[in-house]
Amino acid sequence: MAPLKFCANISWLFTELPDFSQRILAAAAAGFQAVEAAWLYDSDLQELQRVRKATGVEVVLINTPPGDIKAGDLGLGAVPGREAEFREGLDLSLKYARALDCKRIHLMAGRVPVDSDRATVAKEMEAVFVQNLKYAADILSKEGITGLIEPINTRITDPKYFLDSPHQASAILEKVGKPNMKLQMDIFHWQIMDGNLTQNIQKYIPIIGHVQIAQVPGRNEPDSAGELSYSYLFDTLENIGYQGYIGCEYKPQGSTDEGLGWIREYWTHRKC
């Protein structure tokens, strides 16, 4: 079995350093061959390109812009009336993806609008999301880029997020019907919303295009105290033949480097 491939999420790791270029350097020094990030759009793109080329680190995933965070946005993909802004954000993410040779973009669904009832607006939001994803899929396919949608738990992290379960995401992807549109499995969110991880991984592995990890409920290192056995989950992903990346999207309990013992142990025992 091939060993799993990990990437450092530099929006969460190496935050001791102020900018993303420095975090890429730190990730490379720590042994990572790949990184991912949420929003790089305040960073100097030429500097990011320079550091990526100098280190040889692959940028494997970025998110579409969140919209106006101060106004309560967290993505626009499923938000009615914001289609034009979603397309503008997609164009910006494409600019960065091209420059950084990034082949995956997480298309953020967004939140249920303020003062709206989830059940009342669910059908409208799904229809908007499906149409935006179809549009994005056609654009991304010309660039050889995979689009991803990620369920985010509404019990702890974000009660207003529209897309909150793998089952909902799978149904939406089926309606979109585009081969370059995949499911992003964040094990932290999946455990909180649904549990049943072994069965869900086996069920959805054909449409999973990216994985992210953190312990539950604290969202810390995978080997920290919590509900999940990551040694078992890593074995499960290996045995099932998962070939994609696993993003380390967690909050270090101390310094990032001090909390990397778990991945150094994995690399020591399983890395080719």
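Using N, Cα and C of the backbone, Cβ positions are placed for all residues, glycine too.
Database features (TrEMBL):
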{"type": "ACT_SITE", "residues": "Glu150", "note": "active site, proton donor/acceptor"}
{"type": "ACT_SITE", "residues": "Glu249", "note": "active site, proton donor/acceptor"}
{"type": "DOMAIN", "residues": "26-266", "note": "domain 'Xylose isomerase-like TIM barrel'"}
Inter-residue Cα distance where the pair is Glu150 (active site, proton donor/acceptor) and Glu249 (active site, proton donor/acceptor), in Å: 13
Close in space, distant in sequence - Glu150 (active site, proton donor/acceptor), Cβ under 8 Å, 6 or more apart: His106, Met108, Leu163, Ala169, Leu183, Gln184, Met185, Asp186, His189, Gln212
Stretch-averaged pLDDT - the domain 'Xylose isomerase-like TIM barrel' (26-266): 97
